[in-house]
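> Here it is, the structure in full.
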Amino acid sequence: MTLPFQPILGVVGASNIVLLISFVLSGIGIYILARRIFGLGTLSAFLAGAIYAFSPYTFSQAMDGHINLSSTWIIPFLTYFLLLSVRKSIEKEKVVVTKEAIITGIFLGLQAYNDLTYTAFTILLIGLIFAYHILALRKSKKEIIKITAPFLIAVAVSIIIFLPGLIPTLSDYRKGINPSSPLWVQNVWAADLVAFFRPSTNSTFFNKLAFAPHQGSVEGTVFLGWTTVILAMFFIVKFIKSWKKENLKDRGIKGLLIFVSVAFFVLSLGPFLNIGNQWKWLILGKSIFIPLPFALVHKIPLIGGTQETARMNPFLLLTLSSIAGLGFDLVLGKVKEKRLKIMIGILPILFIIFEFMQIPFPTTDLRPPKVYEEVAKDSSKKAVLDLPLGFNSGNMLLGNSPIGSLQFYQTFHKHPQFRGTIARVPKENFDYYTKIPLFKYFLNSGNPPDKEDLDVTLANNALRKKLNVGFIVIHKNILSDKGISIGQSETLIREVLKAEKYFEDENTVGYKLN
């Protein structure tokens, strides 16, 4: 997503501008969807956009640098064009290819390039919308055929767009690389019921009321906002009471909103119910747990294997924000005086700002340390080994938790490096690094080095020849800040690898393996 901006703004500037644009487009997308499809008033649609765009979930993901997960703007635009294409298909006398269906496919293809977890949930969203139109609205066979057409067109277009990524993905899948997570892992990363109704620990004004989920303040944040919940419940109660009085079209649209919201609320809770960081309860001497519908969704290939069900939060807010907006429409309907209506209209937006606010927003200085200038000049393209060292697959941590800034510096020096987070990598890939002399010591320098680590021939063959290491950079400032000890690492770099120190300042030390 940042590629169009990188030539002008660089990687950091491009990432920042994409993040800001994403918030704006998310709000605009929901506003258009709420106004043109769901029939909300201007102020209520604006409120819905604010709820969706500035949700604590999105802010928390942005704080952690997950630009793919904070880019939620694709979802409302895709939904808008999908529902518009369905509406137009029903109105036509015969099956036609609409531009709206093609645009839906384009957005689905973009989503696949943006994030595969969101792609799986988007496919789930499309499936729910399709099922609702077929089953709940009880369409005739002719209408079912016309409704099916835009869905098939959208899927076909998205496959064509994502083909360069889809082919290697399916190839790896056939070779046995399975990205699916087991139920117990999905349960770890599921949304906690309490977290929907209590703010996260990042909250500016309501920190004392915060709930601290075991996943942390990023993946565990799914707070919906009290204003959102109150307005949404107000509308749902009114809607149920006036069900028979609603005309068929309004009933269908509002029913879809509630259906999708309930579905994603329940599914985001994961395979088992978690309440207050607990999913098992001892009752009459027996351990009891409550299975949920996602345990069945888990059986669906690829889609059911997504790890973090809490990341369904934008898909829940996609419709819940408009339900809250409809509730606010009911409130505004009681007010006749225009000026008073505008004044009242501002109140819930202010409430949302106070409930959702998470400031100060953390920033990171990503200017590359001078130690990498020598690396950048080197034309050999030998690998850089940064200490502290670590890998993470989401299910498994090897060494120290990867630090994003160290990975980012690769955009400056452009050499291979050994660190990072790659989701769902097979355990065998990690095991490979735990057997390499000296490298395995760098991963776990809290233990003393073994004979292999101290063997000059083995260590040099492993790092110089096998891994093609040309530079080792020790980040003293990070080691100090994180309280990490690298033990005898620097001594072994000098005495076993015979590396030459080429740079040192207060924060870093650079060694070169000639």
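Just so it is clear, glycine is given a Cβ too, placed from its N, Cα and C backbone atoms.
TrEMBL feature annotations, pasted as is:
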type     : residues : note
TRANSMEM : 12-33    : transmembrane segment
TRANSMEM : 40-59    : transmembrane segment
TRANSMEM : 65-84    : transmembrane segment
TRANSMEM : 96-113   : transmembrane segment
TRANSMEM : 119-137  : transmembrane segment
TRANSMEM : 149-167  : transmembrane segment
TRANSMEM : 223-240  : transmembrane segment
TRANSMEM : 252-273  : transmembrane segment
TRANSMEM : 315-333  : transmembrane segment
TRANSMEM : 340-361  : transmembrane segment
> Which listed range (65-84, 315-333, 340-361) shows the maximal number of Cβ pairs under 8 Å with respect to the transmembrane segment (12-33)?
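Stretch with maximum Cβ contacts: 65-84.
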> The transmembrane segment (40-59) and the transmembrane segment (252-273): do they have three or more Cβ pairs under 8 Å, with pairs 6 or more apart in sequence?
no
> Looking only at residues six or more beyond either end of the transmembrane segment (119-137), which have a C-beta under 8 A from one in the stretch?
74-75, 78-79, 82-83, 86, 108, 111-112, 144, 147-148, 151, 154-155, 252, 255-256, 259-260, 263-264, 267, 297, 302-303, 306, 311-312, 315, 318
> For the transmembrane segment (315-333), which stretch among 40-59, 96-113, 340-361 has the most Cβ pairs under 8 A?
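By Cβ pairs under 8 Å, 40-59 leads among 40-59, 96-113, 340-361.
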> When you scan the chain for residues with a C-beta under 8 Å from the transmembrane segment (223-240), skipping those not six or more beyond its ends, what do you find?
51, 55-57, 195-200, 203, 246, 254, 258, 261, 316-317, 320-321, 323-328, 330-331, 348, 351-352, 355-356
